[in-house]
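Dropping a structure here in structure tokens format, bear with me for questions.
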Amino acid sequence: MLLNIYFYRKLSGAILMSLSGKLRRIFCILLPLSFLCSYGYSQTMASLLKKWDKARADKDYRQKSGNIPLVLKIADHYRYTYPDSSLMYARVALDLSKAQNSVESEKKALNSIAKVYYIKGEYNLSMEASSRVLLLSAGENSNIIVADAINNMGLVLLGQTKYHDAIPEFRKAAQLNQRFKNRSSLAANYINLGICFDETSKPDSALFYLRKAVGFALETSNANMRDMAFNRIGHTYFNAGNYTEAIDYYEEVIKITKNNWERSFANIGLAKVYYQQEQYKAAIRHATTGLYMANKMNVKWDASEASKVLSEAYAKTGDFRNAYYFSRLNKRYDDSLMSEAKEKEINYLNLKRKMAENQQLVRDNKLKNQEIKLNELIFILIGVAALFIVVFIAYIIRSNRKQKLLNLRLNKKNKDIELQKDKIEQQNKELSRLNYTKDQLFYILSHDLRAPLASVQQASELLCDECFSPGEQKIIVEGFYREITSVYNMLNNMLYWAASQQKGIKANRSLIDLSAISHELLDVYEIVARNKGISLINEQKLPVWVNADPDQVKVIIQNLVGNAIKFTNTGGLVRLFFDEDELYYKLHVKDTGVGITEEKIERLFTAVGKSISTYGTNSETGTGLGLVLVKEFTGANGGNLEVRSSHGEGSEFIVSFQKKLDYVLNEDYDHDE
């Protein structure tokens, strides 16, 4: 209690020395009121501090895991009233976490430190703490701690007025919190989204998110988030010119909040409203209160806003001495908020964040290598399954032939079988189709599959003789990869096609990210394209949510990208990009290859085997099944397929997938555009 009295005397004395007579009288009124609020606040903190004092009395307190949540709770309690004290306790929690080797507690402490630095306006230090959380979380599944760090980084971008860069960060944090049902943090995410839309002159979208934030804050009994949302709603109404609503919300905050930061913001907001209404004395009164609160918490942003209003309001009343004083004070606050050195440091920390993401990609690549080894085993099983399918088809053909002979004999003996003529004709058509299927499968097995396997066998024999240099061996191994990938894709297409001939096609549609699947498949085809000297580019970075069967979508993209590489010359380009209309997202696969003749386009999705298949630009083989599957799978998923091509000028395949229109987080609620 005595410490609080000393603090108030020292702070108020320093401020009063620089102010005019009227302003001093205002501070004389505010000082006892503020002291009473502080006294009540200290009573609520007494039990927590008493527990901490008792815990520290234990000589082994640094090893007691229960002390970390206690210290973090004290830091959270102080954050909006005494940020310097909050920072001190957050650092104690960080020290205890390191002593106990608790990475999870260390990340929570760093998030608490990042929040305090943000409140204090020290954005570079806030970004550094959040970046350390992501570095500690590299390689782990995302959770609410990572969501908290991402939200903090979005706040730093918001503090630098980079609102368009901040919005994706807040949305990512909201998605994680929604996934883990962390409803208390969703209020903060929605408040931050509301701020971004408010500052980019989209009041309807801002109010939408801020009202959602109020709902979550009330549901979770989070008074700080409630007060912050009310303040930002008032600020949005102020920017929109609705001063009456703005005053109502600001005064409500002042009446109900116990948070000095929100009380400072509300007073500064009222000062801005009264200034616009030319009520300069009221503006000075509330701006003075806001500046006092901001200085008490050492919050530079609020102090800058309050000093600006005071400078302008005093100028309007003709008090140019105070106007000049607060103008200079405002300039000092603005200069300290963000310097060029801090901007460079933040850019460097962003680079460190990217490095953490790259480390994750390295781990993902190791996992993919393990998947490739597993696929080699699966490839053998697929070969056995293919042989079984051929035997099964031969059995069906033989059975159908016997049935045909029996029907012919019965037709000669009994004219009544004439009534079954239609059935027999249908069986004849089915038999012809099965014969055609058999011929195509034998052609593929004897030519397109045997040739690359024979090439791999011959090269393997040469490798066994050890007559090649390491560089030549690497070239041969890369050739193995191309041939095996080709055989694997042909077998996949053959099995899908054979299954469709027997059972028809059924799509198990669900909500999928089309962009993520395309990135995953392009990683696999990157080496094939690179070995052929072709640039493979995916221009889509953000998620693209559609309703489709994920396995069938992979077959569609795999065949379109594989064909584009196959029929593109060295030095060419294959691009993937997206556009959209009201109902569909459209995937474009465009190449600079040899193109397709008009006559061949007409048969492109109906014929298979040697009648349609041609060699690629590097004599690559194919079955002709791929585009047939693309057509059938696109239709099964409710999509459309379009081809644009001219011989010698490249080709463009466009596949349309149905949108998921009711997915809230990936659609802007924006009435202003």
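From the backbone N, Cα and C atoms, a Cβ is placed for every residue, glycine too.
This is the feature table in TrEMBL:
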type	residues	note
COILED	339-371	coiled coil
COILED	407-437	coiled coil
DOMAIN	444-661	domain 'Histidine kinase'
REPEAT	147-180	repeat 'TPR'
REPEAT	227-260	repeat 'TPR'
TRANSMEM	377-397	transmembrane segment
Grab the pLDDT values for the domain 'Histidine kinase' (444-661) and give me their mean, rounded.
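Summarising the domain 'Histidine kinase' (444-661) by its mean pLDDT gives 79.
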So, by DSSP, how many helix, strand and coil residues make up the repeat 'TPR' (227-260)?
28 helix, 0 strand, 6 coil
With DSSP, how much of the repeat 'TPR' (147-180) is helix, how much strand and how much coil, in residues?
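Secondary-structure composition of the repeat 'TPR' (147-180): 30 helix, 0 strand, 4 coil.
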